[in-house]
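These come from Swiss-Prot:
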SIGNAL    1-20  signal peptide
DOMAIN    30-53  domain 'Follistatin-like'
DISULFID  Cys31-Cys42  disulfide bond
DISULFID  Cys36-Cys52  disulfide bond
DOMAIN    48-100  domain 'Kazal-like'
DISULFID  Cys54-Cys84  disulfide bond
DISULFID  Cys58-Cys77  disulfide bond
DISULFID  Cys66-Cys98  disulfide bond
CARBOHYD  Asn144  N-linked glycosylation site
DOMAIN    144-178  domain 'EF-hand 1'
MOD_RES   Ser165  phosphoserine
CARBOHYD  Asn175  N-linked glycosylation site
CARBOHYD  Asn180  N-linked glycosylation site
DOMAIN    193-228  domain 'EF-hand 2'
DOMAIN    233-287  domain 'VWFC'
Amino acid sequence: MWKRWLALALALVAVAWVRAEEELRSKSKICANVFCGAGRECAVTEKGEPTCLCIEQCKPHKRPVCGSNGKTYLNHCELHRDACLTGSKIQVDYDGHCKEKKSISPSASPVVCYQSNRDELRRRIIQWLEAEIIPDGWFSKGSNYSEILDKYFKNFDNGDSRLDSSEFLKFVEQNETAINITTYPDQENNKLLRGLCVDALIELSDENADWKLSFQEFLKCLNPSFNPPEKKCALEDETYADGAETEVDCNRCVCACGNWVCTAMTCDGKNQKGAQTQTEEEMTRYVQELQKHQETAEKTKRVSTKEI
């Protein structure tokens, strides 16, 4: 009896494999003479017609390059994919990590987690968790994706049925590949980057804005089929894409994951504000003003969506 079931299972696997091969051959045939350009790939529509879309996922080989926007990418593909997704022109400036800017002038930028950093960390976490899936056997029960997430959630939850940023970070640190995001040349900034990207992941699915994730929010955050939205920053009735910059005196503010992040340097000389140097209180007020613009834009967007 078991031989018959085994033969049936093998037959089903063979049929699925043949269908996958046929779909692949069909796509290869339709897209044979289609050139989509860097950062894009050919896909087949429901009507069987070719179309060019931003690359869904690059191969994870590590060959860092510095983009013309000053950001370090894991490889050429990630750079061109980011350019496609953001609709901006980004070129390879040079191979390797972007060099650290030592100037304390307005060119100095705050350490931030861009959407591409956040999405790369999320991709690595999902890849790690999917590798732990164990299919059901003939006489044993395996582990599906939700069960694996539930296991890690319970392991790092302190008992309040919520994961805060420190607990989430400890969870991520269990996997060396997932945590090894090295956008900056020095380890201290990379360590800070990891914490910022964990905060950005929490913000993705934190529906009640308490900066903690329930299991359902945790499940949504790391759901492979969930497509993180592209958030923009608002300022003076204008919207700015991820990576956009603005300056106030000698400080630089960067748009990252929908939020303005600013340096906090004391200004003097030609960057002096009036007859006084910029105080920490003044800088705080400026950042709060930026965030106020952002919140107003988000509320307007939500109201417009409801009216539609």
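Every residue, even glycine, has its Cβ placed from backbone N, Cα and C.
A separation of roughly 10 Å, to the nearest angstrom, links the Cα atoms of Cys84 (disulfide bond) and Cys77 (disulfide bond). Using DSSP to sort the residues of the domain 'EF-hand 1' (144-178) gives these counts of helix, strand and coil: 23 helix, 1 strand, 11 coil. Counting residues 6+ beyond its ends, the domain 'EF-hand 2' (193-228) has Cβ neighbours under 8 Å at 111-113, 115, 117-119, 121-122, 125-126, 129-130, 145-146, 149-150, 153, 160-165, 168-169, 172, 179, 181, 183-184, 256-257 in the same chain. When the alpha carbons of Cys77 (disulfide bond) and Cys54 (disulfide bond) are compared, the span between them is 11 angstrom.
Note: the CA-CA distance between Asn144 (N-linked glycosylation site) and Cys54 (disulfide bond) rounds to 30 Å. Cβ-based crowding with a 10 Å cutoff singles out Cys77 as the top-ranked of the disulfide-bonded residues Cys52, Cys77. The Cβ of Asn144 (N-linked glycosylation site) has 13 other Cβ atoms within 10 Å, all protein chains considered. Other Cβ atoms within 10 Å of the Cβ of Asn180 (N-linked glycosylation site), summed over all protein chains shown, number 12.
Among the disulfide-bonded residues Cys54, Cys58, Cys98, the residue whose Cα lies closest in space to that of Cys31 (disulfide bond) is Cys54. Residues in the domain 'Follistatin-like' (30-53) partition by DSSP class (helix H, G, I; strand E, B; coil) as 1 helix, 9 strand, 14 coil. Secondary structure at Cys54 (disulfide bond), as computed by DSSP, is strand.
DSSP assigns Cys98 (disulfide bond) to coil in the three-state reduction, placing it in neither a helix nor a strand. Spatially, by CA atoms, the recorded positions Cys52, Ser165, Asn180 include one closest to Cys98 (disulfide bond), and that is Asn180. Cys84 (disulfide bond) has a Cβ environment of 20 other Cβ atoms inside 10 Å.
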